Structures are given as structure tokens and as C-alpha cells.
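Visitor: The structure under discussion is supplied below as C-alpha cells; questions concerning it will follow.
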Amino acid sequence: MKNALLNLSLLTSSVWSPISGGITAPDGFLAAGISAGLKPSGKKDLALLYAPDGACCSGTFTQSVTRAYCVDLCIDRIKASEGKIRAVVINSGHANACTGSRGKIDSEMITHKLAQLLRLSSEEVLICSTGVIGEAIPVEKVNSHLDQLINSLDKEAYLDAANAILTTDLQVKQIAYQAVLGGRRISIGGMAKGSGMIHPSMATMLSYLTCDVGVDHVLWSDMIKRVAESSFNSITVDGDTSTNDTFLAFASGAELDPRYLSILEEGLHLTAQHLAKSIARDGEGANCLLEIKVEGASSDLDARAIARTIASSSLVKTAVHGSDPNWGRIIAALGRAGTSFNLNDVKLWIGPYEIFSNGTPLDFDRQIVSNFMKARLTGKYLIDDLISIRLRIGIGTGSATAWGCDLSDQYVRINADYTT
């Protein structure tokens, strides 16, 4: 497991700067991550995020009809409490999806026990689960370790928590940013997990943001929906949507001058996009981060549909893995995205190289482009491992970016052996 910070120097803005501290960088949050014996490996598998003074919570969730009960519990409790949530417990190794009535009972037993220990109401506690579908949570193991989990709560335990939520991930996914707004230092933290079964619809895998700003629940919910669209809903690894996809965001602190809310949202987008790209790059068996940029579409919605269609194309992804500048596969994916455009207006670049223009391929050196791709496939994680594909499809104002990864034979091996 690689715990190094992820190329923070490349992710800056005019206002927001990367800092250490992960999910607990903002004031008002503590975290913990321990081993409760849920994983045969003995690795950390139980995490807790806690806001002692309370927080405003909003989230987006999987649209799967076969979603796990923990997703319904989160949705119901956020709605019933108008976002007043103080804790979320996360177990890895057991998805607790498709486990019948037991899934509901187990989720409620764990949150009830945790609420008692923290002296909260059950409605203030959420639960998220990740792991093998059909496997129930070992409730006795979890509940017998809740005291240890609570005693491990600490401002410095952000890496413990980020490790405890992982399953097949090879990389820890955590980040924090800070800005000074109106003379006040504001921090945003995040952590996530995800490596396979990633093609979210309204959410993604398990992802968490924290912020030390007080925000109205309705306003916060609107922000988080927009953040999800520009980040977690813009990535794909394998085209599969999980039963447990959850993105939760917590805000706790003094209210911010409304003049700075747009800058706050910029920071939320920045943080979520870093986590989203980390997930896409850590796709099972992946060797590079694939970025699809679409410009000139009639709307952002059309551009997003095109970008995600190309990013999720198995033929495009395998061509990238083979360092093959096969523009035909990209154009074919463009054509089935369900949007209108004139092929004679289309221009295509792989990295800095223009490959296709005004409806016809250009005379380019395939070996040079292939070597460019090959170098990125052996690049350092989230530093020089980006292969960018850019399309201009017209003169419209619509644009969007999606992220994915190459598709290798290792992905097949990992998933063929997943439960065996």
C-alpha cells in the first residue's frame, strides 16, 4: 500500500493550496481507523468520522435498484434530520448488499450501538459498507470493536481512516486544501475508496468531504450535487455501478460571508476532482490516468455524454493500454454517444498531437504518438501518467471532462479471482 501524498503540487488554484491533514484537516472533525478482524489479511477495516459539535451533511447515492440498505439508511436519516449528522461508521470487506432483512437489522444494530457509546441519537449516525456483495457484516466483531474505534478518534488519524475504507485499492486516496477567505482560514478535507465497479450515477464508491464552514442545508445540498457531477459522476473504470455508492459531505463551523460561497464551491470541486481522478487512476490493473476533454458541444450535457462514452469504451481503453493511437475507436465511441454533431467539424488530439481534423485523419507519425503514450503508461502515479484525448466537435459553448484508465489483462485476473 502506497501512502505517499498524491502530487499535491499540480493541484492548485489561485486561492486554494494543498495542505496535509486529509479528512480531519478542517476544524471540528476527528477520525479513526482500526482492524476489527473483518478482513482475513488483518488490515484496517473499520473507520469512523466524527463531528463532536455536529455538522450539516448532504450526499449523493447510487441509483442502483439493488442498492444496499445502508444507502437507504443514509438517505432516510439525512432527510429526517435535515442534514444534522454527527458520525458515520464505515466497514470494508462486506458490502451488506442483497442480504435480505438481515442487512437492515445489522446496519441499525451497529448505528444504535455506536450512538449509545457516543451519547447520540441513532438518527445522528450513518453507516457505509463496502466489499463483496451478498456478504453480511459480522455484527458481533464490529460492535465489540466500537469502544476501541471511539478511543482511537484523533485529529491525526486521517491516514488510518483512509486506509480502513479500502478494498482492492492499491493507493490511499486522501487530500486537503486551504484558503483564506475574508481574513478567515478555511480548510476542506477528503478521502475516498474505489478501484473497480466504478461507473457512478449520482455518486461514486465511498467518498467523503469535510469543511469547517457552516452552510444552510439546502444550499449545501445544491453545492454537493454540482460537485458530484463535475467529479465522481465524470469517472469510469469498468462501466459497472455499485450497490453501495455513497458520497457524503459534512460542513461544520461558523457561517461564511455569502460573497465567498462561490470560492468555497471551487475548493469543493478541486478536492472532489482530485479524489475522483485518484479513483480512476487506481482502476484495477490500470497503468495510466485517461482524460477525455470535449469542447464545442451544443451543451455541457452533450459534452459530458460524449466524454463519458469515450472514457468507458473498452476498445479505447485497450488501445490506450497497448499504446495504440487508434483514432477510429475514439471516433466510433463519439458517434454512439447519443448527441448531434457534424463529423466535418470534429478535431481530435492525443496529447499534443493532432490526429483527425474536419472529418478525415491527418498524416501523423504513429510511432511518435505511440511512444508518447507508452511513456505515460510507465509514468509516476498522478505525476506524469496522464494520457489526454481532446475533441473539438463544433462551435458550441458546451464542454466537459471525464476521467478513466487503460484496461489491462490484469483487470481480468483481479476480477476473475475476486471471491475465490
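Positions of Cβ are set from backbone N, Cα and C atoms, glycine also.
Sequence annotations record features per position, and here Swiss-Prot assigns substrate binding site to THR167, LYS193, THR204, GLU284, ASN415, THR420. The active site, nucleophile annotation in Swiss-Prot covers THR204.
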Visitor: Which is it, of THR167, ASN415: the one of these binding-site residues whose Cβ has the most other Cβ atoms within 10 Å?
Guide: THR167
Visitor: If you skip the near sequence neighbours and keep only those at least six away, which residues in the chain come within under 8 angstroms of LYS193 (substrate binding site), Cβ to Cβ?
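Guide: Spatial neighbours, sequence-distant, of LYS193 (substrate binding site): SER92, THR130, ILE165, LEU166, THR167, ASP169, LYS173, MET205, LEU206, SER207, ILE279.
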Visitor: Secondary structure at ASN415 (substrate binding site) (DSSP, helix/strand/coil)?
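Guide: ASN415 (substrate binding site) sits in a helix per DSSP.
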Visitor: Could you find out if DSSP has GLU284 (substrate binding site) as helix, strand or coil?
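Guide: The residue in question, GLU284 (substrate binding site), is coil (DSSP, three-state).
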Visitor: What count of other C-beta atoms do you get within 10 angstroms of the C-beta of GLU284 (substrate binding site), across all chains shown?
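Guide: GLU284 (substrate binding site): 23 neighbouring Cβ atoms within 10 Å.
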Visitor: Give the helix, strand or coil assignment DSSP yields for THR167 (substrate binding site).
Guide: coil
